[in-house]
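Below is one structure, written out as structure tokens, with a few remarks after it.
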Amino acid sequence: MAKIVKIAGREIIDSRGNPTVEVDVRLGDGTLGRAAVPSGASTGSREALELRDGDKKRFGGKGVLKAVSNVNDIIAPKLTGLEITKQQDIDDIMIKLDGTDFKSSLGANAVLGVSLACAKAGSNSNKLPVYEYVREIYNVKSDKYVLPVPLMNIINGGEHADNNVDLQEFMIAPVSAPTFREALRMGCEVFHGLKKVLNEKGYATGVGDEGGFAPNLKSNAQALEVICEAVKVAGYEVGRDIVFALDVAASELYENNKYTLEGEVKEKVKTSKDMIAFYGDLLKEYPIISIEDGLSESDWDGWKILTEKLKSRLQLVGDDLFVTNTKIFKDGIDKGIANSILIKVNQIGSLSETVAAVQMAYKAGYTAVMSHRSGETEDSIIADLAVALNTGQIKTGSASRTDRMCKYNQLLRIEEELGSKSAYLGKSAFSSIK
């Protein structure tokens with residue numbers, strides 16, 4: 001088997017014009033693996049540390065030369081000579097080398113860049129697609145490959161846009177499609193329908209970080225209304241063909257045990273119970289199938305009530321709540337909180353820990369949703385990971401911006417390659433709603 005002969009990190013620029021880490025891993029057989037690390041806007045307080053330089057004279061303090069140096073000077077010497085297929089060992093060595101709970105010594109961006117680049121190098125060396133290679137090295141057993149339902153973020157609010165919409169993401173899920181290809185087509189058509197609707201109403205059609213529109217709408221409900229119109233303009237039926245998903249990012253709205261929603265006409269300040277009632281009211285009006293981070297990451301008592309009241313009607317996703325961390329996630333499972341976990345590779349900082357979080361979800365009867373970050377690159381590995389691990393759902397933005405579309409295009413290629421060995425589950429992908 002091929003061994004690592006060289007690891008090289010560098011500073012590149014992400015989709016928001018900020019620096020990020022890219023890593024090359026070169027093997028003895030000449031194979032190269034290259035990976036770039038994403039970055040979030042709204043981040044959970046317990047996420048693995050993204051190491052930044054802090055030099056205000058350079059990229060406003062957001063440079064990543066320290067992380068790059070850690071790749072080249074600390075990590076590379078420890079991994080050179082190792083067999084590339086020993087991914088778990090490679091990740092364990094880096095985790096031990098860092099020695100902290102949140103990778104605050106080496107930086108999660110340094111560790112993750114190396115981890116993902118090793119996986120790509122291994123797949124290339126073994127002449128396997130990344131999705132197949134990941135299954136092989138982690139012994140993932142499944143007869144079928146599942147293509148994920150795209151949760152397409154077509155209206156951006158909150159931290160992802162400069163407007164008065166409180167909720168961070170309004171997403172559409174094309175559930176009636178027979179294949180991923182058709183689902184993506186449906187999503188693109190609704191996206192274009194929404195642009196037409198917004199233009200006719202005199203709203204701006206500039207896009208946010210994740211490629212969705214960021215109009216200055218009057219309320220959160222109005223965002224759902226214009227999406228309903230867009231679905232009809234595209235020739236689809238709301239609730240049958242297209243259902244909705246929300247990312248509230250409620251931690252960003254939470255202060256002094258209360259939630260403030262500036263976009264609401266009545267009762268801008270809400271308690272946990274008020275928020276749960278607010279979601280209940282939205283469910284009466286709109287076909288919402290999933291709500292992510294509906295309450296703050298620190299409001300576990302509220303989450304318990306939210307789960308008890310709405311788990312039979314909704315997929316309740318923990319993002320900031322669980323931060324792809326198996327220790328935190330296990331605590332949530334034991335306490336009966338949420339019924340789904342968002343999977344972000346850079347929240348935890350290694351491929352092996354990411355796989356462990358997905359496997360923990362399945363054992364507990366939770367769903368797992370593969371996700372991008374608001375700061376992305378041309379790297380499309382999360383598309384492969386969604387298929388490798390059969391997450392059944394993926395969040396990777398709207399139907400614009402190449403940093404988002406490259407993931408969708410990779411899924412198109414994977415579906416074509418797999419043919420009859422793959423399936424698209426549609427509404428059945430939301431299997432934790434019980």
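Glycine residues also receive a Cβ, built from the backbone N, Cα and C atoms like all the rest.
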Further binder of (2R)-2-phosphoglycerate named by Swiss-Prot next to LYS344, ARG373, SER374, LYS395, taken from the candidates GLN88, GLN168, GLN222: GLN168
Candidate from ASP209, ASP319, ASP320, ASP331 that Swiss-Prot assigns to the same Mg(2+) site as ASP247, GLU292: ASP319
Other same-chain residues whose Cβ falls within 8 Å of the Cβ centroid of ASP247, GLU292, ASP319, the recorded Mg(2+) site, in sequence order: GLN168, GLU169, LEU246, VAL248, ALA249, ILE291, ASP293, VAL317, ASP320, LEU342, LYS395
By Cα-Cα distance, the member of recorded positions GLN168, GLU210, LYS344, ARG373, SER374 nearest ASP319 (Mg(2+) binding site): LYS344
Mapped DSSP class for GLU210 (active site, proton donor), helix or strand or coil: coil
Lowest local Cβ density (other Cβ within 10 Å) among binding-site residues: LYS344, LYS395: LYS344
ASP247 (Mg(2+) binding site) to GLN168 ((2R)-2-phosphoglycerate binding site) - Cα separation in whole Å: 6
Rounded distance in angstrom between the Cα atoms of LYS344 ((2R)-2-phosphoglycerate binding site) and GLU210 (active site, proton donor): 15
